[in-house]
Structures are given as structure tokens and as C-alpha cells.
Amino acid sequence: MSHISVLLHETVDALLANRDTGIYIDGTFGRGGHTRLLLSKLGSDAQVYGFDKDPQALAVAHQLEQEDLRFKIIHASFADIQTELEQRGITQVEGVMADLGVSSPQLDQAERGFSFMQDGPLDMRMDNSQGKTAAEWLLSIEEEALANIIYQYGEERYSRRIARAIKQAGALETTAQLAELVKTAHPKWEKHKHPATRTFQAIRIAINKELEDIEIFLPQAVTLLKPEGRLAVITFHSLEDRLIKQFIQKESTLPEDSGWGLPQKQVDSRRLKKISRIRASEEEVKANPRSRSAWLRVAERLV
């Protein structure tokens, strides 16, 4: 299945807010769907910078660099957004977006080791040039720590049973081995959901430090935004969405009033204004079932 960008027009339109110039950041370039639409709506003096760790995404991005001189790709995590941009002399931008989903090619290519639907090496690294593979990581982690991760990042109620089965099995080499092991250890299957879904999600999040990277990325993104600049983030599961929601809430809420009225300094401390929360339309879900769980949250920089 080729990659279809989720909430494509909604995200780009929210990010631009009727502008056609400025500097914009795509924190998760992927296969470039959002970036290409963004470039098509921007004038000749605009700039777009993409970030990605995935070697296959980088290959697509380098091709786009040749096609459009307004675009530059940066081989780094969006957690390094501020440092990487400052090194290039950029301290303020008009918009920052991130699509936190795993791309369809990553899921569909068995050799990437993300999918329980296809057999492949147990890898799961976004950047497969560095770090431990899922197989190596599972071998090295203690059972209790693994159970906690499966519970926390997969919201899996049978995490202890699954962790015990994984550790008792010893070295695992393929996604099919892990999926079968989880299936056997899982006593109660959810309707329309593979029993290994939550466990695979948890392991992927842990290996790639996905939630930690989001927590590092968000305050940096807001710091980079000019007043009236936009932040647009697409999430695919409740853990991600909760992080984005809580961050925007914190940055857009006034401190508690002591009863004497808030000093102007505290009123001015709010950095964001909530703009919208959008989910994929019925038409989009029908055309691309992977968009079913997607949410787009948009906020605007105040000061």
C-alpha cells in the first residue's frame, strides 16, 4: 500500500492560515505528501525544511530538493528542531507541523520489522542505521521493565503475562515469532484487532523514544513560532493525543486568579491559543482506513 498523507488539506490549510510566504517546518517528512502540498501553495520566496530519520524518507526528500530549491531536508529527529535550525541561522518560523504516524511503507515493508501482519526481521527502528533492533532490545530488557512498557505504551492489560512469555522464549528473530508468542499468551482478543497490536505499538514507541521526542519537540516548536505562527500536529493513538492536548492546554491557560486580578506579566505568559481539533472525514476513512484514529490539533502562537 502506497503512503497516503492523512488530513492532508486540513493540516496544510490550518498551518498556512491564508499566508503564502515565510518559513515552514515539516517535522516528520515521511514520503513528503504534506510538504509537497505546502510548497504548491507557497510563493517563490518561501522556504520549507523537512526533518526525518528514516533512510527511505531521506531518499525521497533528496529527490524533492532537486525538484524544488525552496525545500531542504535535515537528517535528524524533530526533537533536535531548534538546534538544527539555529545552526542554519533560523530562529523564527511561520509554521511547524508533525504527522506522528508510522508511514504505510514502514508498516508494509516486511524487512523494516514494524508489522505483525508480515513476517520480517524484528527491527522496528525508524532510523535503522543506529540503535538496538527490537530483537536486541527484547533480549536485554528485564521482564518487569518490559511489562511496564507494554502496559504504559500499549495500554495492554495483559502486559505481565505477555512480558513473561517473551522473556521465557529467549532470542526472537522475526515479527511472526513475536506476534505468535503474544497471540498465544493473550487470553482475550479484542474484536477486529490483532492481539499483538498493543504490544507491537509499545515496543516501537520505546525503541524509537517516540513520546520522549514529542515532549522535547513541542516546547521547541512553540519557541520557534513567530506571533500568529501555527503549530499543527496529527496523532494516531491516545498516548500521543493526550501529550499534545495537555501541552496546548498548559500553554494556553491562564494561571489561577488569586482574586485580585492577574498581573499583565502572567496574562502575557500564555504562549498559545487553541485553534481547532479535527478528525478524518468519513470519506477519508473510507478511502484510507488507517486515517480512522487520526486527530489534528492546531494552535497559534500568541506572544
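Quick reminder: no glycine exception, Cβ is built from N, Cα and C everywhere.
Features of the protein shown, as given by Swiss-Prot:
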type: BINDING; residues: GLY32, GLY33, HIS34, ASP52, PHE78, ASP99, GLN106; note: S-adenosyl-L-methionine binding site
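In this view, the densest Cβ surroundings among the binding-site residues GLY32, GLY33 belong to GLY32, judged by other Cβ atoms lying within 10 Å. Shown in sequence order, THR28, PHE29, GLY30, LEU58, ALA61, ILE73, ILE74, HIS75 are the residues of the chain, 6+ apart in sequence, with a C-beta less than 8 angstroms from the C-beta of ASP52 (S-adenosyl-L-methionine binding site).
On its own chain, ASP99 (S-adenosyl-L-methionine binding site) has SER5, VAL6, THR11, THR28, GLY30, HIS34, ILE234 as residues at least 6 apart in sequence with a Cβ closer than 8 Å to its own Cβ. Mapped onto three states, the DSSP output places ASP99 (S-adenosyl-L-methionine binding site) in strand. GLY32 (S-adenosyl-L-methionine binding site) carries neither a helix nor a strand DSSP state and counts as coil.
Sequence-distant neighbours of PHE78 (S-adenosyl-L-methionine binding site) (same chain, 6+ apart, CB under 8 A from its CB) are GLY27, THR28, PHE51, ALA98, ASP213, PHE217, ALA221. Every protein chain shown contributes to the tally, and the Cβ of HIS34 (S-adenosyl-L-methionine binding site) ends up with 28 other Cβ atoms within 10 Å.
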